[in-house]
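> As annotated in TrEMBL:
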| type | residues | note |
| --- | --- | --- |
| COMPBIAS | 56-67 | compositional bias 'Pro residues' |
| COMPBIAS | 102-119 | compositional bias 'Pro residues' |
| COMPBIAS | 507-519 | compositional bias 'Acidic residues' |
| DOMAIN | 295-519 | domain 'Major facilitator superfamily (MFS) profile' |
| REGION | 50-126 | region 'Disordered' |
| REGION | 500-519 | region 'Disordered' |
| TRANSMEM | 12-36 | transmembrane segment |
| TRANSMEM | 162-184 | transmembrane segment |
| TRANSMEM | 190-213 | transmembrane segment |
| TRANSMEM | 225-245 | transmembrane segment |
| TRANSMEM | 293-313 | transmembrane segment |
| TRANSMEM | 333-353 | transmembrane segment |
| TRANSMEM | 365-387 | transmembrane segment |
| TRANSMEM | 393-412 | transmembrane segment |
| TRANSMEM | 419-438 | transmembrane segment |
| TRANSMEM | 450-472 | transmembrane segment |
């Protein structure tokens, strides 16, 4: 087919494939955020309660004597929780001593509820269970990023050997399996395995773009569009998940995603030809050299800490909302909507603006705003109070991401050999560190100090890190590059960039650049 051949030659269609892959990956990443806490509560806490205390009556509607506002249905589909004013109808409440003997701590650790119910709201019982759940949900969310951290270096080696096409298709297959597994898993262990599997499947995308778009300005805009797919995935994931779970059922969002993933697989088969082996031609700077570069580390740290804020919110905010605001299920995902919309605006706006105002300044302001927004989150008393802090957070992270991604490529151009796969692997690892450390430590900090203190810790960390971005204002070129520029010397004794690299990148000084310091 002539149109198929033309499509395979077009970098735009590769961009479409990467965009869709990132979109699906991040919808799957965030769709579980509002579902998992309430799903675990329904299956484990409610299940343990009903098996331990069979004498308890059927789920009780509010007592006739209670004020009318208290007969609020629970956040779960088929249970009406007893709320304040109706506890007389449901027997002694869970927090009193008389209810305790029927609840051995091993099966239902739900003794005193942490927060008083909001007026007219239906807060969940078992505050202690919710507090313990923070840690488990955090670990569940972190498992994807941890697996991705382990898989990423091997993916780098694999793509250098056989190109991006086969690994990308392999990633799609694993992701499809993970999505189907989420739809039908009913226990914490199965959910954990599905989440970890997703980490294996999502390590393959951005390097492909760097290899297709050789021109720097084109690559910048392509990365911007691809990050837009990532943002869009984060944008629709949580609200889509909470609404589908509330009104259709747990499996529904995952089955829709599995269907979309199949379409993406068909697209990849047509365009990427997963049977083709095409190794990288440019000899990249070794990872160890890049990791010793302080400027690259500062940029990676900015990516890691700014994203850690959102990563910590994902498992802890829905549970905090259940405890303090008594939010209905659909609100748990909608709370993230302002952050996602403003992230989308931030990445697109500052993709262009950052270059004019200075990327270092843009990321420095961004990190300070991330910190301030996080400090404002615990001040909210209802979902509307979360709109401002979350929007500020998303916008600021958009500023940091859209500045740091091009800075990474610029630093490699300036100080190393111009091959970008490795440096984007470092950027990806920085993201993953944020999303691995964030949820796992976030859950533990919430148990020890409470949610407001968690926000204070991460907020202060971001504000304190912001001044380091000043170092990226004018990073020095490598000494060897200065020598080459002054002498126009074509060869260096220990240079390992190949003739192809010089041919592909017309600025031979750039590709000649990396000399002794990596070897």
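Including glycine, each Cβ sits where the backbone N, Cα and C put it.
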> Between the stretches 12-36, 162-184, 393-412, which one has more Cβ pairs under 8 Å with the transmembrane segment (365-387) than any other?
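Comparing 12-36, 162-184, 393-412 against the transmembrane segment (365-387), the winner is 393-412.
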> Which residues of the same chain, at least 6 past either end of the transmembrane segment (225-245), have a Cβ under 8 Å from a Cβ in it?
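15, 18-35, 38-39, 205-206, 209, 252-253, 256, 329-337, 340-341, 343-344, 347-348, 398, 401-402, 405.
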> Restricting to the domain 'Major facilitator superfamily (MFS) profile' (295-519), what is the model's mean pLDDT?
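Reported value for the domain 'Major facilitator superfamily (MFS) profile' (295-519) is a mean pLDDT of 80.
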